[in-house]
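Swiss-Prot annotations:
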| type | residues | note |
| --- | --- | --- |
| ACT_SITE | SER97 | active site, nucleophile |
| ACT_SITE | HIS122 | active site |
Amino acid sequence: MLVPIVVEQTGRGERSYDIYSRLLKDRIIFLGGPIDDHVANLVIAQLLFLEAEDPDKDIHLYINSPGGVVTAGMAIYDTMQYIKAPVSTICVGQAASMGALLLSGGEKGKRFSLTHSRIMIHQPLGGFQGQATDIHIHAQEILKMKKRLNEIIAENSGQALEKVEADTERDYFMSGEEAKSYGIIDAIIARKPTSGGSR
């Protein structure tokens, strides 16, 4: 994948950054694409770096993801909760599966969606081959993860656990407005504020 380079003029001459490093200077992390261990490690490292830079200043996590590996997503989620710096989440495009869970896990009052973004929650997917006893062990594990993910969505959204369990039995798609009513986000933003306010 080709990553654009940004060139800035400084008092000491020119300085070039890849676009993601330049965004990081403004405390913006971009999570685009499927979530796996590699992506999770990069996002976690950026969260920890920005926390060390200024633990009181907002971090802005932009999400455009179809979801991915549950344990990788949970590693990002737990880090968001662990650090002191408030994490604002913004859905651009889509936040599905683990992407939706991360979107809901932003600082309350600072969870956003752009106008035409789509949000989707569902139960975790899994496939395992092997001996019958191993398949049974993995089935039990995925059921435990399903229960925990539903509890987190219920806690973050304010919905009853029973409703979340029913809604996640199948793919449950939402517009920004529907996600706001559900409690996954707090507001829809059509334009970035010109001064002050959230990003």
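Cβ coordinates come from backbone N, Cα and C, glycine included.
There are 25 other Cβ atoms within 10 Å of the Cβ belonging to SER97 (active site, nucleophile).
Listed in sequence order, ALA96, SER97, THR168, ARG170, ASP171, TYR172 are the same-chain residues at least 6 apart in sequence whose CB falls under 8 Å from the CB of HIS122 (active site).
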